[in-house]
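Have a look at the structure below before the remarks.
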Amino acid sequence: SITGETVDLLEPYLDMEDYNLETAKKVCGNVAGLCSWTQAMAYFYGINKEVLPLKANLALQEGRLAAAQIELNNAQIQLDEKQMELDQVQAMYDTAMKEKQALLDDAEACRRKMNNATALIEGLGGEKLRWTASSKNFQNQIINLVGNVLLATGFLSYSGPFNQEYRNLLLQLWKKEMDNSKIPYSNDLNLTGMLVDNATVGEWNLQGLPNDDLSIQNGIIVTKASRYPLLIDPQGQGKIWIKNKEKNNGLQVNSSFNIFLCVCHF
């Protein structure tokens, strides 16, 4: 029933570049035969009677194509099902691998902590004796604190006017009285170390204070005693030290002086 008019209407489509069987199969395989069929009808319009066997063969091939397409669709469905199963198994595998790696990381972290703890315990084991001795020493310091403070207070209050020899004699007399009164104190007490630290002494030395024990004791009395000191200072060492020490504090110097209750011999 095809006519020339129909062929004319088909001509623009037949000339199109993508109007072919391969492109039609890609777009929709079920109707790809229509593309070939329309081209064949237009091409053999004039000799329709000669192409009847070809038309029969075309019908046969279309039937085979449809059957193959059905088989392909069934195979694709099976493939999709197997792919889903594979994806599920892969997801389970990935999860198991992540859990495995997390366990390995935890085990490694635990191993490091155990090694660090072991090293720490072994290192601290040797400190037990020192800690025990330090604890005992601290306990003794607590017991002797009252006597040590009493000696330091007496030193600050009464030792200023005396030289080193008499200061040591005073300490010995005070210790004897404390023994009689059963007041505990440290036998190896270092009043200088108790009342001032090495950094402060070093700063005093830079400011001009001599480094001998008597001068350092005088520096302690001057800075820590509650009474203002009178410095008996024939060599001017104490004056130089005080000027340097109080230079940044607005010290004013004049020729007059007062006599104070606390006396230090330089």
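Note: Cβ is positioned from N, Cα and C throughout, glycine not excepted.
Computed from a predicted structure; not experimentally measured.
Positions annotated as coiled coil by TrEMBL: 58-113. Annotated domain 'Dynein heavy chain coiled coil stalk' per TrEMBL: 6-174, in sequence order. Annotated domain 'Dynein heavy chain ATP-binding dynein motor region' per TrEMBL: 203-255, in sequence order.
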Where does the mean pLDDT land for the domain 'Dynein heavy chain coiled coil stalk' (6-174)? 85
By DSSP assignment, list the helix, strand and coil residue numbers for the domain 'Dynein heavy chain ATP-binding dynein motor region' (203-255), in that order. 28 helix, 4 strand, 21 coil
